[in-house]
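What follows is a single structure, written as structure tokens, with notes after it.
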Amino acid sequence: MMFDFARIWTRNTLIGLGLGQFLSLLITSTGFTSSELAKKGINAPTSQSFLNYVFLTLVYGTVLLYRRKALKAKWYYYIILGLVDVEANFLVVKAYQYTSLTSVMLLDCWSIPSVMLLTWLFLKTKYRFKKITGVVVCVAGLVLVVFSDVHSGDRAGGSNPRKGDLLVIAGATLYAISNVSEEFLVKSADRVELMAMLGLSGGIISAIQISILERNELKSIHWSAEAALPFVGFAVAMFMFYSLVPVLLKINGSTMLNLSLLTSDMWAVLIRIFAYHEKVDWMYFVSFGAVTIGLIIYSGGDRDDDQHPPNAAIDDHRPAVKQDEEANSGNHSKGAAAGSSKTWVA
């Protein structure tokens, strides 16, 4: 089958690819900071994410209060979303205590099939041949990374790799639920409202969890610049990530987000090469190319796949979950369905 690259190179494709890779770099930086904290014996995963929720509440909450408008979505949707998001972050960050950085980044791709299943079930997303082809090419690229890691022994390490791997898979599943829910809310409600309420609910839940699980751990930490900088760096990177994720979700959808984050493992490799002067297997570069090609195939062709009329979302006042993802990427006027229901959520 021939692909029309004139249609693939659309404005939304370029924005999606560029923004997706910036988000991937942010995730890579959070992985390195979490790994560094784990090496220093600091085991406070909820505390790492707490500062991010505080930033979200302060920045977006201020804007939301200034608007003085009623919430477009039900408040308890955000409570559920905050709980899922906090526990997803907790499980993945906790995994760094038991397994290697490479293992976490590889197994985190479990969120992709989870997202596709959830969007198909709840958002009624239709994945056509080009979309499925792009996903297959991306996952094939990750398989190359796995083979390379097994060959070079990069996946070795960690006090309990099996436990760490299970934590990552559980966290990736919750990330998928969170991403799909956010995709629905950002298209049917409002980005500022989503970030403010997610920050508020996530911050409250994190504070409760910290007081129960991590109070003694925080007291035992010898706070110095070496310990504080990774904490702050993690929070800043996560704040930027959370702020930009809704933009990509609105343009390209949650599957595109999770496919873009596949390249975080390859960015980690490049950092190891240029920052730490380590040697890596040549298959990493082939994998990076495969994932990039898969992203282009997946994100392209939205125009010819869109079978909904331009005003479908305006004329049809059913919840936005009934719309096709391809239609969503080309039509952003989903306000009519605001607050009707919430299903899942980068």
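Every residue gets a Cβ built from N, Cα and C, even glycine.
The feature compositional bias 'Basic and acidic residues' is assigned by TrEMBL to 307-325.
Annotation comment: TrEMBL describes 307-346 as region 'Disordered'.
Per TrEMBL, the feature transmembrane segment maps to 50-66 (among others). Listed by sequence, the residues of this chain that lie at least six past the ends of the transmembrane segment (50-66) yet keep a Cβ under 8 A from its Cβ atoms are 86, 192-193, 195-200, 202-203, 206-207, 210, 231-232, 234-236, 238-239, 242-243.
When Cβ-Cβ distances below 8 Å are used as the criterion, the transmembrane segment (75-96) is approached by residues 31, 34-35, 37-38, 43, 45-46, 48-49, 53, 104, 108, 164-165, 167-168, 170-172, 174-175, 177-178, 181-182, 185, 194, 197-198, 200-202, 204-206, 209, 339, 342, 345 of the same chain, each at least six residues removed from its ends. As annotated by TrEMBL, transmembrane segment applies to 75-96 (among others).
According to TrEMBL, the transmembrane segment annotation covers 102-123 (among others).
As annotated by TrEMBL, transmembrane segment applies to 132-152 (among others).
For the transmembrane segment (164-180), the list of distant contacts is 81, 84-85, 87-92, 94-100, 103-104, 107-111, 114-115, 118-119, 122-123, 158, 245, 249, 254, 257-258, 343-346: same-chain residues at least six beyond its ends, Cβ to Cβ under 8 Å. For 164-180 (among others), the entry in TrEMBL reads transmembrane segment.
Residues or ranges marked as transmembrane segment in TrEMBL: 192-212 (among others).
Sequence-distant contacts of the transmembrane segment (227-249) (same chain, at least 6 residues past either end, Cβ-Cβ under 8 Å): 16, 19-20, 22-23, 26-27, 29-30, 33-34, 36-37, 40, 42, 47-49, 51-52, 54-56, 59, 179, 182-183, 186-187, 191, 194-195, 198-199, 221, 256-257, 260, 346. Annotation source TrEMBL lists transmembrane segment at 227-249 (among others).
TrEMBL lists 282-301 (among others) with the feature transmembrane segment.
Long-range Cβ contacts of the transmembrane segment (192-212) within its own chain (Cβ-Cβ under 8 Å, at least 6 residues beyond either end) map to 44, 46-47, 49-50, 52-61, 63-64, 67, 71-73, 75, 78-79, 81-83, 85-86, 90, 182, 185-186, 218, 242-243, 246.
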